[in-house]
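According to TrEMBL, the features are:
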| type | residues | note |
| --- | --- | --- |
| ACT_SITE | C111 | active site, proton donor |
| BINDING | Q81, K152, H181, N212, G213, D214, G236, R237 | FMN binding site |
| DOMAIN | 17-263 | domain 'DUS-like FMN-binding' |
| SITE | R47 | site 'Interacts with tRNA' |
| SITE | N108 | site 'Interacts with tRNA' |
| SITE | Y189 | site 'Interacts with tRNA' |
| SITE | K292 | site 'Interacts with tRNA' |
| SITE | R313 | site 'Interacts with tRNA' |
Amino acid sequence: MVEQNVVNLLHEGRIGLAPMEGVIDAHTRALLTEHPGFDWTVTEFVRVVDVRLPPRVFYKHCPELTQARVATPHGIPVHLQLLGSDPTALAANARQAVSLGAVSLDLNFGCPAKTVNRHDGGASLLRDPRRLERAVAAVHQAVEGAVPVTAKVRLGFSDRLRALDCALAAERGGAASLVVHARTRDEGYRPPAHWEWIGRIRHALRIPVIANGDIWTLEDYWKARTLSGCPDVMLGRGALADPFLAPRIRHWQRTNERLPATSWAVRADILCTYAALQRSTLPERVVVSLLKQWLNQMRARDPEAARRFQTLRRETRLDPFLAGLAEHTPAASAVHQACRPPAAALAT
Ligand SMILES: Cc1cc2nc3c(=O)[nH]c(=O)nc-3n(C[C@H](O)[C@H](O)[C@H](O)COP(=O)(O)O)c2cc1C
């Protein structure tokens, strides 16, 4: 009964796939949206400094721009993210993105990377809400309502004193919605995420606020929604740790049933499919690094993933790495099938 009430309460919430630089590219977006769960995805950030970037930069970050619908192969919209602080440069690049077909623009005010912050990008704008507002307003005016402009923030740079001011500044600038990663920049990715702070922001704003940070399980999803009061959430690392997290949430919302835990065989299949996609364009050593990165995220949620990571962490050759994933894995024939490089890669 309690669970049914919770399901009723949580019905209808939307789920976004978080942007993750160096991790979530078009192939990852395609794999993670293969089963119903996510409602939208966001590209890695396009770094805007001072000039209008050439189309190839936008196509690299968002290959989906070349299609009639800017969406994953399963029809889930892809929003394009810009990171920068100069309003004029942001405006010029926003216009460029729209001219290339972008359907929604997101502005990154959360990136904690030292190099980015030193050059006045990402979370560094959280120190001055007026500058954040000017950046959002410049992009909003530049696109003249052709596409929605959204923003993504943290709770602050070193402290939370300006959390509300920054959120209000984004709203005043014309943001259509706001994702809040419930930590300050200085808190990095350390738990806990302060979901109750997202609730404070939600109370102060009229635009939709989307809760982000540390949602790894159904229980976390329930807590994040309850403490923030936000219907919509965004999943980052949790979706890599359990590629079925969004479908799991969606299934639970709709049926009140829990899907079984994601098995190692399914995880191995996803990793091998990912490798097959990546090896057609990237050097094998890079593909191995990407696989290790994803396997590393899976470790916390799956003991077999942890064991394989331990065994394979020094392997740098792709085929032995893939063999190590497939070895003694149930339904290995399907896994082997997925491990095969695409025909195009074999031909070159
Ligand atoms: C490796 C990595 C790369 C990230 N890249 C971006 C990015 O390009 N743009 C952005 O807005 N946030 C980026 N983030 C932050 C995530 O979108 C998200 O806000 C953060 O990971 C918290 O959510 P999670 O706990 O669900 O992972 C990145 C995070 C990680 C760990």
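Each residue, glycine too, has its Cβ placed from N, Cα and C.
Proximity of the recorded positions (R47, H181, N212, R313) to ligand 1: a Cβ under 6 Å from the molecule is found for H181, N212. Taking a C-beta cut-off of under 8 angstroms and a sequence separation of 6 or more, R47 (site 'Interacts with tRNA') has the following same-chain neighbours: L83, G84, V116, G121. According to DSSP, K292 (site 'Interacts with tRNA') sits within a helical segment.
Local packing around the Cβ, expressed as the count of other Cβ atoms within 10 angstroms, is greatest for N212 among the binding-site residues Q81, N212. Other Cβ atoms within 10 Å of the Cβ of K152 (FMN binding site) number 28 in total over all chains. Geometry remark: R237 (FMN binding site) versus C111 (active site, proton donor), CA distance 15 Å. Neighbour counts of Cβ atoms within 10 Å were compared for the binding-site residues G213, G236, and the top value is held by G213. Fewest other C-beta atoms within 10 Å: among the recorded positions H181, R237, R313, that description fits R313. Each residue contributes its Cα atom, and for N108 (site 'Interacts with tRNA') and G236 (FMN binding site) these two points are 15 Å apart. Recorded residues Y189 (site 'Interacts with tRNA') and K152 (FMN binding site) have their alpha carbons 15 Å apart, per Cα-Cα distance. You'll find the Cα of R313 (site 'Interacts with tRNA') roughly 23 Å from the Cα of G236 (FMN binding site).
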